[in-house]
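Some features that TrEMBL has for this protein:
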type     : residues  : note
DOMAIN   : B:85-291  : domain 'ABC transmembrane type-1'
TRANSMEM : B:12-37   : transmembrane segment
TRANSMEM : B:84-108  : transmembrane segment
TRANSMEM : B:120-143 : transmembrane segment
TRANSMEM : B:171-193 : transmembrane segment
TRANSMEM : B:214-239 : transmembrane segment
TRANSMEM : B:270-291 : transmembrane segment
Amino acid sequence: MKSLGSIRRSFAPWADPASKPFISVKNVTKKFGDFTAVDDLSLNIYTREFFALLGASGCGKSTLLRMLAGFEQPTSGEIILDGQSLAGIPPYRRPVNMMFQSYALFPHMTVETNIAFGLKQDGMPKADIAERVGQMLKLVKLEKFAKRKPHQLSGGQRQRVALARSLAKRPKVLLLDEPLGALDKKLREETQFELMDLQQELGLTFVVVTHDQEEAMTMADRIAVMSHGKVVQVATPAEIYEAPNSRFVADFIGDVNIFDGTVFAAENGYLRIETGNGFPIRMASPEKPAIGAKAAAAIRPEKIRVSRQPPAHAPINAVEGEIWDIGYLGDMTVFHVRLKDGRVVKASSLNAVRAVEDPFGYDQQVWISFGEDAGVVLKD
Amino acid sequence: MARVASALFSRLVIIIPYAWLLFFFLIPFFIVFRISLSQTAVAMPPYTPVFDLFGGLSGVMEKAREFSFDNYVWLTEDALYFNAYVSSVIIAGISTILTLMIAYPIAYGMAKAPKSIRPTLLMLVILPFWTSFLIRVYAWIAILKPEGLLNQFLMSINVIDQPLIILNTNWAIYIGIVYSYLPFMVLPIYSSLEKMDHTLTEAALDLGCTPFSAFWRVTFPLSLAGVVAGCLLVFIPAVGEFVIPDLLGGSETLMIGKTLWNEFNANRDWPVSSAVATILLLILVIPIVFFQNAQAKADGEGR
């Protein structure tokens, strides 16, 4: 699998202006009565990309997926797949297949006939169907369960049948609606990696809808964070996490501390933000807003240090507080530090050394501090 | 104590339906069966032997020897009965198929209707039950007779110039049965379609089915339990139907319910009519067993 990893790292067609998108969503709006589910949305998805649509329920991600599958028609705008407009093309004539959240396995058919369903519909010769079904069963490791009915399978096995069925026709694009939503945590984590390997192996384009940010971060090449029918940010998982473009994204993905303030000074790519109560922040920023403009610094908990002594750069990027809460998670410990003005800052530290004794106790006076490149400046 | 009480209670719960079956099905059936083995007599009741306890056990045994299967032999000798059975099954079969063809689209439409209006639609299907069955069948006479509403209407819009003869033909019986039993077909089919996951249809479309083939490969097979239940609910009572063939059918229409009625009331031949009823029951038990098998299979799949 190591070689695949290297392919994955070098895979970035979206950064190359010469590469043509495989799926192009152009200004698509979908309205249900008065409700706008998808609002003037545009995005590009490239061949062999593992693309995730991430958002809370009701953000329009499933509606977008259903428009790709052909179950819904856009109210306005256009979807282009492989250079061809999908307007007016019914689901059964689209070279895409979907894996449903509920799996939608046909209860009156065996695993085998479920997988063969689409092939039989296309009139594929019987021998070829048997061969393809065999391949698919092997791919999802269900050879022994070919004759079972869906109700005789576990949740994880059903999920794999659904996957095999949607892959059997070798679609150009596989759409996955919350593919792991019904699995328990442990199985979900295993299956995430299985799906990634499978996508690499088959060289397909995957579009997955999920509300689980961890799932999206693990699997996807790029994530589109959606809110109220719009795409807020499209970027790689690392970019989304380290450089969120808005308060919404910063807050939606992972934990974050947001310090609101005003721009006090700007020099050499750094901004000085005054957040009140003698806690100035100096943070790297490619943009240069006007002095006095509102700005906020967003810093992830793991980038905040907790120490007994003030750091050398205090009071810049450092402030005193007391330990309010301690959450010991095993691999790391989360501290809630209460500042003098009442703000609570989340900081986490990796437990790299076996420590039976906690270095910090409740109500203890500590300093929190962070580097100048630890976070990002948000304008809104 | 509580455990003993609850054990007793759970026994009681099982006993009630069995007791019901015993009193209202098995015992009446044995009475009918016993009469079918007797001979007609000009007496009250009109058959022999009649048991009394005065003769003691030996007297009862003596009389029991008079039982014979003569009436069943008689049924095989007269072609009338065989023809009546066959004709009943054919009429009931045709009516069941016609009912299915009309009820399925109705049930499908109801299941696809917006959730808010489904209770109203269900109500409309059940609504005819609120009027007397007999009155509704009589109403069909007024509609179907040569100078009836249907013929008047068709002649007034110049579709026909001679009245159609429908009343007193088998067609009138089909119409009567289809009309009367339609709700029994609609309801089970509706309930099986209504609980079906609509994403199954979407999955079929996604895998390349046109809406038509998605229906035949997914929707219809999954509603089969409802179709079988509906067909049996229509077929079984239709075989023994008496009122509809009597009121709407012609004199040459042969149905077992009518034959039975004639034997019982016109001929006052209780033993032969009991034998007819027993055979009818046997004919009907076969589809009931078939139905139960289908049901058990459907339950197994639903798990």
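Yeah, the Cβs are placed from backbone N, Cα and C, and that goes for glycine too.
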Best-contacting stretch, by C-beta pairs under 8 Å, relative to the transmembrane segment (B:214-239) and drawn from B:12-37, B:120-143, B:171-193, B:270-291: B:171-193
Long-range environment of the transmembrane segment (B:12-37) - Cβ separation under 8 angstroms, sequence gap at least 6: 47, 67-69, 71-72, 270-272, 274-275, 277-278, 281
Long-range neighbours of the transmembrane segment (B:120-143), counting only residues six or more past its ends (CB under 8 A): 106, 110, 113, 149-150, 167, 172, 175-176, 179-180, 182-183, 186-187, 190, 243-244, 247-248
Beyond the flanks of the transmembrane segment (B:171-193) by at least 6 residues, Cβ under 8 Å: 91-92, 94-95, 98-100, 102-104, 106-108, 110-111, 122, 125-126, 128-129, 133, 136-137, 140, 144, 219, 222-227, 229-231, 233-234, 237-238, 241, 244-245, 247-249, 253, 255
Cβ contacts under 8 Å made by the transmembrane segment (B:270-291) with residues that lie 6+ beyond its boundaries: 29, 32-33, 35-40, 45-47, 71-72, 74-75, 81, 85, 89, 228-229, 232, 235-236, 239-240, 256, 259-260, 263-264
